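K.L.:
Submitted below is the structure of interest, expressed as structure tokens.
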Amino acid sequence: MGLGWIVNQQCRRWTTSRVCGATFLCCMCFILFTPTIPRSPKHHQFGDMRNLLGVPNTLNVMTNFPFLVVGILGLVLALEGGVFNISSQGEVWIWALFYAGIAGVAFGSAYYHLKPDDHRVLWDTLPMMVAFSSLFSSLVVERFGQRIGLCCLFALIVAAFLCVVYERLVNFPFSNSYLFVLEAYTPSEGAEVVKFYAEFCLLVGCRIYNDIRFCVIFQLTLPLAIPVIALMYRSKYTHSRYWFMSTGIYLLAKFEGVTDKKLYYVNNYIISGHSMEHLCLALIPVSLSVMLIYRELKFQRIVDVKDRP
């Protein structure tokens, strides 16, 4: 049995290495061999644009309220420690950051939907990426250990900020007037160098400005990696099925978002697919909260069974 366990672990490590390698290779090919993908203006044109009670895009704004409720309640319960079954302090902070990200989605998404444009979408995207990073890291803690999970969290949070910076903040407005100011406050002998540097930054910035490829990879890879890891590796907790349930809810929500206008037409213009996507996504932290309440450490259950007369 010991030899079989060792062989099984080696096979899992080999399979994990191949999956990670293939995923990294696909991401690199996607970045290197595909053109930049700018955020289309159609991204901000939703099916339901109604203005009710003086609130622009009313339902798209109001359907973010469940994120706020679930996020704040989950944050309080995670830090309080008496309701959720969390076995380590590292997990407490990871889950707290997850629920804080969910609450941030409420504010960021509502702010974006009040006036959808390329500048406000940043505040809708970043909290969601933080929540994804925390959720994935919590799964890593369950399967691989607290140290690996915390390192993963740090790396993913940094990657999330870099993805947003790459899309929106790298391109500075190097206009002719700005170049004039640079030259005016620079010694004459260095003016040409500064001008060359500014023109180079302008050239590079125009090429990478408004490119959502890294954000797309980030938001697609983590949700798909969660069920793969949950399937390949055993958890130290019970009730692991909620990870797969949450993945199913996420896929359903993405389907509702893609079919925004069609669902709006099908239900006789009552609620759009995008508003339904908000409500559906809010069920993910709800289902995970149920998991945290009812799950138990597996080795504790084994000890309890052995202690029975």
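Each Cβ is built from the backbone N, Cα and C atoms, and glycine gets one as well.
Where the annotation comes from TrEMBL, it is an automatic prediction and has not been curated.
Copying in the features that TrEMBL gives for the protein in this structure:
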TRANSMEM  19-38  transmembrane segment
TRANSMEM  58-80  transmembrane segment
TRANSMEM  92-114  transmembrane segment
TRANSMEM  148-169  transmembrane segment
TRANSMEM  212-233  transmembrane segment
TRANSMEM  275-294  transmembrane segment
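Give me the lay of the land around each of these features.
P.N.:
Remote same-chain partners of the transmembrane segment (92-114), defined as residues 6 or more beyond its termini with a Cβ less than 8 Å from a stretch Cβ, comprise 46, 55-57, 60-61, 64-68, 70-75, 78-79, 81, 84, 86, 120-121, 123-128, 130-131, 133-135, 137-138, 141, 149-150, 153, 278, 285, 292.
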K.L.:
Give the nonlocal contacts of the transmembrane segment (212-233) in its own chain as ranges (CB under 8 Å, at least six residues past its ends).
P.N.:
12, 15-16, 19, 23, 27, 30-31, 34, 36-39, 125, 128-129, 132-133, 135-136, 139-140, 143-144, 156, 159-160, 162-164, 166-167, 240, 243-244, 246-247, 250
